[in-house]
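First comes the structure, then the notes that go with it.
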Ligand code: THU
């Protein structure tokens, strides 16, 4: 399976799922042994990926979603239009609370978030609003 280069244009949903599966295999998770991959499209249809990257100083670990978001931002992207999270087993890997807030910064409430298994089977589909209702976001700062 081919792993897309960061920033490479990608159009099909399946490609996003494939990328999340592939990058999960690069996860560095020697402590939890829980591998996660994330893949997103930005507003220009570019594809970015991230995997969890743990650290011997445990709290310094980085989630897969955060890595993918940082890659998008580093390439100039500012809007997530589609997101896939790939965990292990048959239980959906839903984004942690911190990641929900990070996604909120660059996603609209109707952003689709698909959680898939290691073979790409879709386990759960939610919107950002489902996962983070009544969210605090950049507009709240503007309103103050
Ligand atoms: N993890 C993610 O990368 N994303 C999530 O949405 C949930 C949890 C990672 C963090 C840590 O490396 C491992 O999974 C176990 O918590």
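Using N, Cα and C of the backbone, Cβ positions are placed for all residues, glycine too.
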Listed in TrEMBL for the Zn(2+) site shared with 96, 99, one of 63, 86: 63
Residue 52 (substrate binding site): tally of other CB atoms within 10 A of its CB: 24
Of 52, 57, 96, binding-site residues neighbouring ligand 1, Cβ under 6 A: 52, 96
Mean per-residue pLDDT computed across the domain 'CMP/dCMP-type deaminase' (11-139): 96
Beyond the site residues 52, 53, 54, 55, 56, 57, 58: chain residues whose C-beta lies within 8 Å of the centroid, for substrate: 28, 31, 59, 60, 61, 62
